[in-house]
């Protein structure tokens, strides 16, 4: 045990040095998602029974430990030191890895003055692409993390599978396979509170707040009071079990989103409801003196439509560090993901977790496969292939929906779209860059000399006299402070056979876009062609909010898509 000076003087690390000592399953889960072997008959308490396989099952995996269980005099947490993160990256670089999965949110406030930015930049210089989670602070705007342009940041969305059960007028996630089917009395945590207990604690069904004599033989209803804390479910289920409840209904508050619930392992038969369904439940409870309910056995449903749907927890843009770079870059499966977990902790070799941490290794696995197929590609080329082949549409062919299941999500939620692994292997064209392009980007951030010294050993690198973010060869296009006229320059590199690409433009509402040249004719591989987008609009009639469009280059086989984001300058 060692003291952590960044926390409190008397804080200690209560964990072994080995990455195998995974006390919460986070590292095991993400690692197996990226490159786990083929394992038949995998399940989580009987749910999602089938064959488990990582995205790149033949990949060789290595784990580096950056997070620790920290015990302080007044609290217990999981934390990391910046120096540990940087050391892990440098070790990975020395070991010659091809891709780094970083399922951890960075400090947005620091941006180009933090260890994660420097470490990921050093990885990029050595030909290693870092895939990082966008964070779990959604659905609030401007919460996206890991906003560095040399990093591929990932949001989280659902897959086309749900675990559900029918209760009294309800249909949602259930956590147990074998449950009683008869009717039982319902009681809320608030109504079951023990004398003197805090009402809020009782509503959440926290320990020491529930009267056992009121709960025994009933179904206990708990609600989480607007917190996005998955562990609340598990702890409440333990309280329900110890109080003699036959089951629990856990309701998420409005902040979570009308269509989103978290799946956790529970100590008692449990059904989890979204805010919208929870309101229906409480209306029913308040309408009768003797509310009752039953929870049926679980149904594992595949091919659910629409999907994907954004997880409301998934952090959103706009990029608070530089709104000229769209973040997150893409979205990937991150809700109810089955993967390996330490059996000594979870009483099972597999468990389900939710978060952008779970989405990130899906994309890391895709990047590893691309690197295998195209070993000479740069990190920017791999990133471009994943972004430009991603889709903004769900499996109904409609725009990806936000977590409320009714409104369309925007690129601030899903970036370029939901990843398409097979298409990313053969993107046709890529927006390529190198370390000097990124150094020019850094040059725009004062103080120039100090920043460059932190990011590059080439301290003598001379910044260009000017830098225009509109000419930065990023796969997505963001124009802020738009005054009614703008010219965007991009370069596309042919990584496929010779071909002629024609554009298809969906301009943001109120904006006209011309492209020059009208076609891109590639006669050979690795050929680069420059094109320009010329945007015009009547600024006096343009929305002051962010507006969205897209640009697609296609040769009838490949689809190279870039989202377009425009924000008019404040009048």
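Any Cβ shown, glycine's included, is placed from N, Cα and C.
Since the structure is predicted, the reported quantities are computational estimates derived from the model, not experimental observations.
Residues or ranges marked as compositional bias 'Polar residues' by TrEMBL: 1-17.
Feature annotation from TrEMBL assigns region 'Disordered' to 1-29.
TrEMBL lists 5-417 with the feature domain 'Peptidase S8/S53'.
Look at TrEMBL and you will find 18-27 tagged as compositional bias 'Basic and acidic residues'. Across the compositional bias 'Basic and acidic residues' (18-27), DSSP assigns 2 helix, 0 strand, 8 coil.
Across the domain 'Subtilisin-like protease fibronectin type-III' (471-566), the DSSP tally of helix, strand and coil residues reads 4 helix, 59 strand, 33 coil. Taken from TrEMBL, the feature domain 'Subtilisin-like protease fibronectin type-III' covers 471-566.
Long-range contacts of the compositional bias 'Basic and acidic residues' (18-27) within its own chain (CB-CB distance under 8 A, at least 6 residues past either end) are made by residues 63-65, 67, 69, 78, 103, 341-342, 345-346, 351, 353, 357. Model confidence over the domain 'Peptidase S8/S53' (5-417) is summarised by a mean pLDDT of 86.
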